[in-house]
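Q: Feature list, courtesy of TrEMBL:
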{"type": "TRANSMEM", "residues": "B:12-35", "note": "transmembrane segment"}
{"type": "TRANSMEM", "residues": "B:42-62", "note": "transmembrane segment"}
{"type": "TRANSMEM", "residues": "B:68-88", "note": "transmembrane segment"}
{"type": "TRANSMEM", "residues": "B:100-123", "note": "transmembrane segment"}
{"type": "TRANSMEM", "residues": "B:143-168", "note": "transmembrane segment"}
{"type": "TRANSMEM", "residues": "B:197-218", "note": "transmembrane segment"}
{"type": "TRANSMEM", "residues": "B:283-302", "note": "transmembrane segment"}
């Protein structure tokens, strides 16, 4: 088997007395949609924050695309090709949809203060390219017509899409989505599913946290289950669904 | 050794005054996340009203012992400050409760300017001496000097702080204040009248400020229309040092700042071989503050707010 | 790209600005002191725009901003007065204007980074109080660094600062051109105006750039900005440095215009006034900030002239000290404007909309 795109091993994260992540290991292969499920408080979002550099893990190892990202700053993580969305949408509320996506390209562009002030041919071209790419991404997620709306005024579903567009603007290899379907109606969820499949088809690996088990089973290539900060199962959806430990974690009792 | 003790005592006296004022800042901040820039001016007005009142009584030929005269002055100054605090909140802050964050900061600055200038118009631009009505007995305390006034300042401060703790921890109003500080919307839903709580917070803070103002004036034998600014700044620094919004923090921060300042200005010359003298006293407050905040960004007793992603 | 209408407006504005000093000195009895006030207003516009980068764009509340003005002013003063001339190498003294301003901008920028580095972790009001402390520390040092080695000349300040010299013209002396007599106030008006325009231009360009967007992103949501790969530490430091360098340039021009500097010009109240300009005008909105700077700096001057006639008219005599009364009215005006327009007098359309939505939410 080829080396995985992302590989973490022995990750621990403690908050005071709380052992939020306890010896977590997982590996994600290029091109797959990898699901992460678990009851509330199982440590999914904490793991997400560790993988995107917002939290520094206490122990463990973390390599991505052959690069050591253990305890790296978020901007290094993003530069290496991991982008994310947030469970409780964190857009730049008073910027337009287009500007939000333009900010996403920060890490892939380089104009300095001098470039900004003198606006030479290079800076001008870069600025135009940023705007064009942003528009393209808005079209890609299906909200191209709303580019001049303030992010705060978009509908809930559109805000979720904008967050994905903004994350894609960083040109990631791995896109990490934290409950993107939360609060969506079935129709919106279906559209979202199609969008994720499209993103994968375009060569981006996806890490997904979601509560909607039906969506996960139909979408993910592999799923890991977290409970109390530990990985209790991992495998193809069918396996995970029938794993007694998973059922116990969700239902609180072992099946007979 | 006695110089050390002397500086420690001076620091304790000044520190307890800082603490009283810091309580006013921290209570308001805890409940509304607002820097009440005008609080220093309340302190100043408290001092001015007391001095005027004492002078009027003396002028009218009232022959009372000094401490009683002072008490009469205070009884006049406290209601004035309370009313002022209440009015400031009603007029300048309440309408802006849902406005952008900096808007109330600007009105606070506006109120501060207005009060300063009004004080100048009423009391003139010169220093007002504090009437010589208090006994000036000096006690010897292990080689250091301490006056009756200094003893009184420390004791009264401790009593007032104790009273405030009792109020906040044991009374219904205190509970309502704590609830509002936690989450005003939820407190409102639970039947707490937020407006009353906020008004009371200003009233209580202002009365403490007025007492502190009189202490400052008595301790330095003078008052001035601009005095509120620096003392307010120091007290606010103390509140931040202790962890703003935290009542205990204000007390710790105030005392600590007073002592550090006093010891620091006493020994700064020796420490730096005469390069920096005691005229750098005012820097201490800020250097200590920056130092503390760099290592403990939420102050000494402040809760570490883990930013949730 | 630009419409015809814009060009006409621009040209008209340029003409107005060009003849403004003559209208003022010609039209008023004490025109020169009015023009002086206008010159100061221009300096304040630069300051307000500099602070606007830090507060308005990046959302970092800075209450010690005047320190950078002080740093710029003292840089200019030390290199352009006899005070340290005996100690400093001769080649360093009296540098050409542009070099001097570059020095002032850089020194102030370095101070901005010095302030920024330890404070970047702090949020909101903690940052405010630390920056305030920083401003006070700078002022106290300026006040006391006259011993044991006399660097700043303490509270007396530094005198005999030379005027700017451009292409052989000494702006300290009246110059005759086209039959017009350009006094120092006129000359400095054009000089300061030129740099003011430059700073406006730079700010506009920065706002609509990758850097400007990164600042606003940090203001809006620092964690999200982080997660988008913005190096928030560096970008914030850049905001501090840029804001500070504007302050430095403004301070240098101030020192040379005024001819002397002392710590008294750099008290906390000045920092607060600059913040008021930014907030009263409309945070983050460049035209608003300019308006705020003009109003806050000119109003007290207007009141100075109006207050005594007004008192006599109302009370029949001079009841109150005019100095206090005008500041009192100024303070009241600040309160009233904020109560009526919490978003500032001239906010960006976007921000105004945002605020009124809040209002509607509150009503609902």
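Using the three backbone atoms N, Cα and C, a Cβ is placed for every residue, glycine included.
Explain the structural surroundings of these features, please.
A: Same-chain neighbours of the transmembrane segment (B:42-62): 21, 24, 69-70, 72-74, 76-78, 80-81, 84-85, 115-116, 119, 122-123, 128, 130-131, 133, 206, 209-214, 216-217, 223-228, 231-232, 235, counting only residues six or more beyond its ends whose CB sits under 8 Å from a CB of the stretch.
A Cβ distance under 8 Å defines the sequence-distant neighbours of the transmembrane segment (B:100-123), meaning residues of its chain 6+ beyond its ends; these are 33-38, 40-42, 44-45, 48, 52, 84, 88, 92-93, 225-226, 228-229.
Long-range Cβ contacts of the transmembrane segment (B:283-302) within its own chain (Cβ-Cβ under 8 Å, at least 6 residues beyond either end) map to 233-234, 237-238, 240-246, 248-249, 252-253, 256-257, 260-261, 264-265, 268.
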Q: Same chain only, please: residues at least 6 beyond the ends of the transmembrane segment (B:68-88) with a C-beta under 8 Å from a C-beta of the stretch. Say none if there are none.
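A: For the transmembrane segment (B:68-88), the nonlocal Cβ contacts are 36, 38, 42, 45-47, 49-51, 53-54, 57-58, 62, 111, 115, 131, 133-134, 199, 202-203, 205-207, 209-211, 213-214, 218.
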Q: Given a Cβ distance threshold of under 8 angstroms, which distant residues of the chain, six or more beyond its ends, lie next to the transmembrane segment (B:197-218)?
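A: Tertiary neighbours of the transmembrane segment (B:197-218) are 17, 20-21, 23-25, 27-28, 31-32, 36, 39, 42-51, 70, 73-74, 77-78, 80-82, 84-86, 88-90, 94, 128, 130, 134, 149, 153, 156-157, 160, 164, 167, 173, 176-177, 180, 187, 227-228, 231, 235.
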